[in-house]
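Here's what TrEMBL has on this protein:
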- 47-81: repeat 'PPR' (REPEAT)
- 111-145: repeat 'PPR' (REPEAT)
- 173-207: repeat 'PPR' (REPEAT)
- 235-269: repeat 'PPR' (REPEAT)
- 297-331: repeat 'PPR' (REPEAT)
- 398-432: repeat 'PPR' (REPEAT)
- 614-706: domain 'DYW' (DOMAIN)
Amino acid sequence: MRLPPVRFLPSSAAPAVVAANARIAHLARAGNIEGARAAFEAMPLRTTASYNALLAGYFRNRLPDAALGLFRRMPSRDLASYNALISGLSLRRQTLPDAAAALASIPFPPSVVSFTSLLRGYVRHGLLADAIRLFQQMPERNHVSYTVLLGGLLDAGRVNEARRLFDEMPDRDVVAWTAMLSGYCQAGRITEARALFDEMPKRNVVSWTAMISGYAQNGEVNLARKLFEVMPERNEVSWTAMLVGYIQAGHVEDAAELFNAMPEHPVAACNAMMVGFGQRGMVDAAKTVFEKMRERDDGTWSAMIKAYEQNEFLMEALSTFREMLWRGVRPNYPSVISILTVCAALAVLDYGREVHAAMLRCSFDMDVFAVSALITMYIKCGNLDKAKRVFHTFEPKDIVMWNSMITGYAQHGLGEQALGIFHDMRLAGMSPDGITYIGALTACSYTGKVKEGREIFNSMTVNSSIRPGAEHYSCMVDLLGRSGLVEEAFDLIKNMPVEPDAVIWGALMGACRMHRNAEIAEVAAKKLLELELGNAGPYVLLSHIYTSVGRWEDASKMRKFISSRNLNKSPGCSWIEYDKRVHLFTSGDVLAHPEHAAILRILEKLDGLLMESGYSADGSFVLHDIDEEQKSHSLRYHSERQAVAYGLLKIPEGMPIRVMKNLRVCGDCHSAIKLIAKITSREIVLRDANRFHHFKDGFCSCRDYW
C-alpha cells in the first residue's frame, strides 16, 4: 500500500510542533506514558516526528502492542520510524526476529543506525554469533557499531577477539578505550589494562575510575589508592569506586576514613558503607549511616536489611522490610533473599507469606534462586505442603531446590519421601552434590534406615566425584548411633580419613545417651571439651548419662563441677508467632511475658490433665540437685511448654500451633507435648535445633526416635 506523503507545516506552526514533540519524548522518558499520549492527542497538527516520539515512548515503557498498533496507523513513515521500530523490537529477546524482519522491510536504504539498533539487540541478549554475522554484513559501520560489538565480546569474556576488533577500529574514542580497559580488568589481566591505560591518548574521569576499580577488584587496593591520589579530577563515582575497593578487600576502617573525607555522600557510597559495616558486625554504624541519609533507594533498604540479617538482628530485619514496603519501595532481589532467610530462621510463617506476596508482585517468583529460598522458608516454618506446591509447580528445578526438598522431608521425619525425591532427582538427570548426600543420609538417620544409609554413603565414592567430608561422616555416626550400633559408630570415627570435629563427637555423645553407654560417652565428652573449651553441653549430657545408668555419685560430682566452673550453657528459649508478632519465652522466666497470668493458668490446667493421663515428670532432665517436686515445677516452665500454653490460649482451634526452640527438645517435654496434643485435640508442630516434631493424637512424627 502506498503511504500518504508527509505534510509540510506552515513555518509559523513548526516551532509549536517541535516543542510538542519534545514534550512527548520528555514525558515518555520520565515514565509518564499517559501524559505523553495525551500530549500527542492534543496536537492540532502532527508530523511523522510526532508519531516517532510516541512510538519510541511506547517501547521505552514496555508497551510493545501499543507501539505496533501506532506504527500501523501512521499516515507516513520515515527512516527514523523504522529505526525506532527496530530499536523497540530489539528490547525483548522474543521479538528480535521481528526486529530483523523490520530491518529487511525498510522501503528505502537503511542507515548505519538501523543496523546498529539490531546489533545492539543481539548483543543485549547474548546472541553474539548473530551480532558478529550482522556486523560483517553491514554496508557501513561507525564507531558506535564497533563499540557495541566490542562490549558484547568483552561481556562474553572473549578478550582477545575484542582486542583485535579494537585494533581494527578506524576511530577509537575514549569510550572504546575505556571499554577495552575495563574488559582487561574484568578478566583479571590487570597488567595489560594498565599498559592500555598508559597508552590512552586522552583520559577522562571515567577512564581513571575504571582503572582504579580494576585494581581494587583484582586485590590491588594499595595501587588503586595511589592512582586515586593522583587523579586530576574526581567525581562521586571515583570516590565510591575506591570506597567499594576497600570494602571488598575487607579494609572497613580505611573505607570509613575515606567515607568521612568524601565531599558528598551519594546514595551508592552510603549503601556500600552500610554493606561494609554489616560484614564487620558493626550494625550500629550501619544504622547511623542509614538514618542520616536524606535519599534512599532499594539498595539502601537492602543493605540495612542484610546488615541486620547477617548479624542475627532478625526482628529488626523484619521490621525494616515491612517499613520499606509501607513506604512504597519496591523490594529488590537481595532484600527478598535476606528476608526469606530471616523468616526461615525465625519460622515466622505469616511474615513469610507476606514476602511471598511481595515476590509475586515483583515477578521474583520466576527466579530459580528466589524460589529455592522460598521453598526453604516454607519448610523451616513447618508448612511442608506449601513448600511441595511451590516445588512441583516450578520448572526447571536447580540443585538447591532439590536439596531443599530432600532436607525438608528429612527434617520432618518423612524419610521415605526424602529418599523418593533423592531418586527422582537422579532420574531427572541432576547430579547430587555434597549437600544432597547430607540430606539423604539425614533422612536415613532420622528414620533408622541403616541399610539404605550405608548404600548411599558407599555410592558417593563409586558413583560420583564427591568425597565424603566431616558432615557426611557425622551423618553416618548419627545413623549408626541412633540404631544402637554405638561401637560401630565409634570405630568409624577412629578410622575415618578426616579429622573428627565437634559435630561428629556430639553425634556420638547423643547416641551414648540414647543407649546409655557411659564408657564411650566419657571419651566423646573429653574430645568435645578439647574442641569447645568452656561449653557446658558435654558435661550436662554426661551427667544425664550417669543418671540414666545409675551412677548417682558420678552424676552428682559432674553437676557440682559444672556449677563450680561457671561454664557456658546456652539458655533454652522458644518462640511462637501470633498476630504478626513473635512472642519469646525463656525457660523458668514465665513472668517476663505481659500475659503471664493467663499462661500460668493454662500451665496449671495442663498439669492436672497430664496427671490424669498418667504423666509423670522425668527429673533426669533437670540438672540441679533439688527434690522431685521442685524438678517437676522446673520442667513445667521449660520454654517450649510456655510457648505451647500461649498457643493454646491464642491460636484458634483447627489451626496448628507452631513452636520453635533454639535447643534440642528435652525428653520430658517431648512426652508431655505428645499428651497435651491428645488431651486438647490440637496439632502441635515443634521445630527444635535438629528437626521438626509433629504432635497429634498422642503421637509424634519422629516416633520417639530423635
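A Cβ is built for glycine as well, from the same backbone N, Cα and C atoms used for every other residue.
Look at the repeat 'PPR' (398-432): DSSP puts its residues at 26 helix, 0 strand, 9 coil. Sequence-distant contacts of the repeat 'PPR' (398-432) (same chain, at least 6 residues past either end, Cβ-Cβ under 8 Å): 368-369, 371-372, 375-376, 379, 382, 384, 387-388, 391, 438-440, 442-444, 446-447, 449, 452, 456, 464, 466, 691-694, 701-703. Summarising model confidence by region, the repeat 'PPR' (398-432) averages a pLDDT of 90.
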